[in-house]
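Structure, as structure tokens:
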Amino acid sequence: MQKINKTSNSQAQVYQAQPLIKAQPLFQQVCIIGLGLIGASLAQAIKDNGLSKRLVAVDRYAPSLEAGIEQGLLDAGGLTLSEVITGSDLIVIAVPVQAVEAVFVDIKGVMNSGQLASDCIITDVCSTKGNIIAAAKAVFTTLPIGLVPAHPIAGAENSGYHARRAELFVNHSVIICKLPTTNYMSIIKLRQLWEAVGATVMAMDAEHHDSILAHTSHLPHLLAFNLVEQLASHDDNLDMFRYAAGGFRDFSRIAASDPKMWHDIFFANQSAIVSALDEYSVCLQTMRQLIIDKDSTALMGLLGRAQAARRHFGHMLASTPYTDISAMSASYVISPSTTVTGTIAIPGDKSISHRSIMLGSLAEGVTHVTGFLEGEDALATLQAFRDMGVTIEGPNKGRLTIHGVGMNGLKPSKTPLYMGNSGTSMRLLSGILAAQAFDSVLTGDTSLNKRPMERVAAPLRQMGAVIQSTGTSGTSPLSITGRDNVGKLLQGINYDMPVASAQIKSCLLLAGLWADGTTTVTQPEVSRDHTERMLSAFGYEVTVDGNRISVEGGGKLTGGDIAVPADISSAAFFMVAAAISKGSELTLTQVGVNPTRTGIIDILKLMNADISLSNETHVGGEPVADITIRSSNLMGIEIPESLVPLAIDEFPVLFIAASCAQGRTVLTGAKELRVKESDRIVVMAEGLQTLGIDCTVTEDGLIIEGKGIEGNGTEINNSQPIFGGGHIVSHHDHRIAMSFTVASLRASQQITIEGVETVNTSFPGFAELANQIGMAVQVDSGIDNSIDNA
Ligand code: S3P
């Protein structure tokens, strides 16, 4: 995307672009018809980017033309087409919708007289398309091959030549309507033009365009004009306006636009606008009734869904995270530090947060959740259930109220369910959705759409599910056919899991809740058991016999209260931080210490870490404790394979610990690490090598030559640097980013980590907490403000 910088200028604002295409102009001569805001802005952008050898314009208002020529924007201007048209290979019609037909008549005239080539590209910028095509058909017997109707979705309340801004189109969409008569080159060249001025181009047929725009642009304008009119015609209108607050100002902002233009648009797109208005009237009536009925649950559901949907759609379209779209491509710049101390609370457990939404939604009655992790991944699950009609209040400081809809109360989502970066959401939801009456589509961000999904799809098919993954590697998007279309219930199966994965186990157990008969999964090693525990807490019987877990289909869940403990996987970063650094002591309060998650504690203890647990208790069926960890001389070990599933998410930071240990650490049996948010074996090895650590990648693990040196008697010898400095690429994997942050406690120089925006998926507030205990993490949000500031 080009960058457009404003340069100082006396009268009119002139923006000087750093052009993408300086070398070859795209056109010999562009003729802009109509020097209003859009026409003049496009002219300025064409000029600034050197996109045409000559630029001419036609307008009925001579002063605009004169100003354009005087300011060097235009090479020529005329009141009529024939004065300037000769030599043009692109005409841009930027006049009001209703005036376009007359312009077509003029164009036909100059074509017939031989002033204009018959293959000249002719486009427009009007916000309705059906009527433009109808006008062209009325004027030309056969549509010109260069005619490409288009619509830049950009504008401002200010109009006219002097309001022009070359950067008006940057990051805006332009819709091009392909006609059967248009030649291919015309489309290509028009697309190049719009992209060169910073826009994103997409194609659409005219009818679809007009219907979409009726909903997204024309209806909001109509409502804004209408609300202002309603207030203005009120008896006490003066007071109304005097006390009108921000809400009114925001809502009515677009009513400051040109009335004539909107008058024309409303007629030009009459039928699509009328049907959008009818839909709106129905929604308004529904809301009116909810207020009359004081139907609090339904009203909260509607408002909550609308609030979340507004945020969600933006992220979904951009395939970006939920919480902070502006933080894409953020990085950490971390200066070396030596010691961490303090007592801190870590955010809620991700796995338990996901499950609280799922089971709370499927339960009968209300579920109150506290300690919910407001990270991207758990929010993706929350949004999915809202999309399926569940009313969920919050999150508000980790508190949620879920109004359960019962085992058969989910409704089909109107759009594909978007899981963002969250593998847990997608895999567990697949199980639930495979058993629903309705069809569903599940999709994720670019990274999630590369992760293996056949591991859940294949056993679900054995249960009778109809589920389609994408491509030869069986990834998402996933398309799931509902029970009503399959025509039968899922069937309970006995499934021997090839890998110890809690996600596969949970997916199948959840599907088993609706299956005919018993669903039994046998895991090769113990994996986290939060699904089993929470099902029991919601009153659903789960049979556990060693590594065999079974559920009977057809039961029900009863809502209750869930207190989510702090996430031991997030605590792990600070546990390692204290273990590897000098004179450190940290206490992490009320961390979940479910024995299926404490592999990190066992492994660190085997490495000679100083860890103790206190205040041990249970919350919501899960054991919790305060964890205190102090500096120690770590020793390299061979990590027992049985501990691998119990510490599956903690290996990136364990590799940092191993680098600081004395002697070699060998990890085997951890192939699963290759299919996490990144290939965590390869990506960690790359980063470790950048920081000067000797390590060898194996098929199922990593061998790390620790650089720690022997302690002197009882004295701990962990002050010498282990890592150098350097630039780490996280591959947008949250745990990679946080692990290398911890390395800064034993680094000799600054470490920068690129792609840290995904830290929000599991640990919002990580950098702040790291700084609070003594580290020096600076967050560079990666936002280029040059355009906003212009
Ligand atoms: C999770 C299970 C683990 C883990 C993931 C969360 C869960 O995945 O890596 O972060 O909540 O069930 P696998 O079970 O696939 O190993």
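Note that Cβ sites are derived from N, Cα and C of the backbone, with glycine treated the same way.
According to TrEMBL:
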- 28-321: domain 'Prephenate/arogenate dehydrogenase' (DOMAIN)
- Lys350, Gly423, Arg451, Gln503, Arg680, Arg735: phosphoenolpyruvate binding site (BINDING)
- Lys350, Ser351, Arg355, Ser501, Gln503, Asp649, Lys676: 3-phosphoshikimate binding site (BINDING)
- Asp649: active site, proton acceptor (ACT_SITE)
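Ranking the binding-site residues Ser501, Asp649, Lys676 by the distance of their Cα atoms from the Cα of Lys350 (phosphoenolpyruvate binding site) places Asp649 first. In this model, the domain 'Prephenate/arogenate dehydrogenase' (28-321) carries an average pLDDT of 90. In this structure, the binding-site residues that sit close to ligand 1, with a C-beta under 6 angstroms from any of its atoms, are Ser501, Asp649, chosen from Arg451, Ser501, Asp649, Arg735. A Cα-Cα distance of 7 Å separates Arg451 (phosphoenolpyruvate binding site) from Lys676 (3-phosphoshikimate binding site).
Closest to Arg735 (phosphoenolpyruvate binding site) in space, going by CA atoms and restricting to the binding-site residues Arg355, Ser501, Asp649, Lys676, is Asp649. Summarising the environment of Lys350 (phosphoenolpyruvate binding site), the number of other Cβ atoms within 10 Å of its Cβ, over all protein chains shown, is 24.
Reduced to three states, the DSSP call for Arg355 (3-phosphoshikimate binding site) is helix. For Ser501 (3-phosphoshikimate binding site) paired with Arg680 (phosphoenolpyruvate binding site), the C-alpha to C-alpha distance reads 16 Å.
Our reading of the 3-phosphoshikimate binding annotation (Lys350, Ser351, Arg355, Ser501, Gln503, Asp649, Lys676) yields a largest Cα to Cα distance of 19 angstrom.
All protein chains considered, the CB of Ser501 (3-phosphoshikimate binding site) has 23 other CB atoms within 10 Å.
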